[in-house]
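Engineer: If you scroll down you'll find the structure; I have some questions about it.
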Ligand SMILES: Cc1cc2nc3c(=O)[nH]c(=O)nc-3n(C[C@H](O)[C@H](O)[C@H](O)COP(=O)(O)OP(=O)(O)OC[C@H]3O[C@@H](n4cnc5c(N)ncnc54)[C@H](O)[C@@H]3O)c2cc1C
């Protein structure tokens, strides 16, 4: 990630100015506000604004007049109870607004999370920067043999070098053509193509930016799916960076989320039945389990 001196000065100015407020603030989040955290080669995540803290969750759950806190241990117990029993609306009382810079192919996955508010950088109005995601060598891998939606063995040597060359060359050539199409030339009468059309030849690894606002319940849903080991690496690294921020913002809620969602394992009714049979001493195989091969593979990966 490279920020211009002007962008760095804007962030420093935001962080230098303090304001007084009657509203609740979260000290852990104040430490993160406005700071740009690098993700991938040119991407970033930074918090622009937020509302609420752990207390806002318990306050809403109790519908109390004041802060309503009896003790931190009570709040912790209540938040864990709410998370455990999918009582989700109190978590919607907290919100976060992020500035994210990300490759377009990652944005396509991200935008599927519809329960957020988004405003994207306009490539009709502005010219996109010459910034493309080029994977680090340790991310260049072949198609997985066991997972149709994943990568497997690392590419090596000449093949890895050739892939990187192709990615760089294609990106640079496309951007050169983009610039060429945009640029008017009075000497030849060339008018230059409109930005909204010239952008269409840019590849999916070009970077875009947006502001993304979401409540904590839906953010947890996003993080559950995208910080998971099955999510594509290029979106997972953003989710992992956001996890660190959320942990400092709402430590009690994040700890409950880690326990009941992120680190939890789902168990189907047939899975429960197999576990009970095993605990009773029976040897259960895929054939006698009532599960498909895929289900059995996932079940035994968790339970042995
Ligand atoms: C590993 C992985 C692989 C994926 N592969 C594919 C793929 O191959 N192809 C593909 O198209 N997508 C794919 N997706 C995207 C996935 O199907 C979801 O679109 C995405 O994860 C957003 O989830 P969501 O709809 O629950 O989230 P949100 O849009 O944030 O919605 C949250 C919840 O609100 C409710 N909701 C929101 N909008 C509606 C609505 N209009 N109607 C009814 N209920 C609504 C639902 O309960 C939903 O779960 C993949 C996602 C993951 C994590």
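Placement of Cβ uses the backbone N, Cα and C atoms for every residue, glycine included.
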Engineer: Figure out which of 80, 151, 168, 226 sits with 109, 110, 111, 112, 120, 121, 122, 123, 124, 199 in the dUMP site per TrEMBL.
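Structural biologist: DUMP site check in TrEMBL: besides 109, 110, 111, 112, 120, 121, 122, 123, 124, 199, the record includes 226 out of 80, 151, 168, 226.
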Engineer: For each of the binding-site residues (111, 216), count the other CB atoms lying within 10 A of its CB, then report the residue with the highest count.
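Structural biologist: Within the set of binding-site residues, the most crowded position is 216.
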Engineer: What number of additional C-beta atoms lies within 10 angstroms of the C-beta atom of residue 221 (FAD binding site)?
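Structural biologist: Around the Cβ of residue 221 (FAD binding site), 17 other Cβ atoms lie within 10 Å.
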Engineer: Using Cα coordinates, what distance in whole Å links residue 109 (dUMP binding site) and residue 226 (active site, involved in ionization of N3 of dUMP, leading to its activation)?
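Structural biologist: Taking the Cα atoms only, residue 109 (dUMP binding site) lies 9 Å from residue 226 (active site, involved in ionization of N3 of dUMP, leading to its activation).
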Engineer: Note down the number of other Cβ atoms within 10 Å of the Cβ of residue 226 (active site, involved in ionization of N3 of dUMP, leading to its activation), including every protein chain shown.
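Structural biologist: Other Cβ atoms within 10 Å of residue 226 (active site, involved in ionization of N3 of dUMP, leading to its activation): 22.
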Engineer: Of 89, 111, 113, the binding-site residues listed, which put a C-beta under 6 Å from ligand 1? Please answer none if none do.
Structural biologist: 113
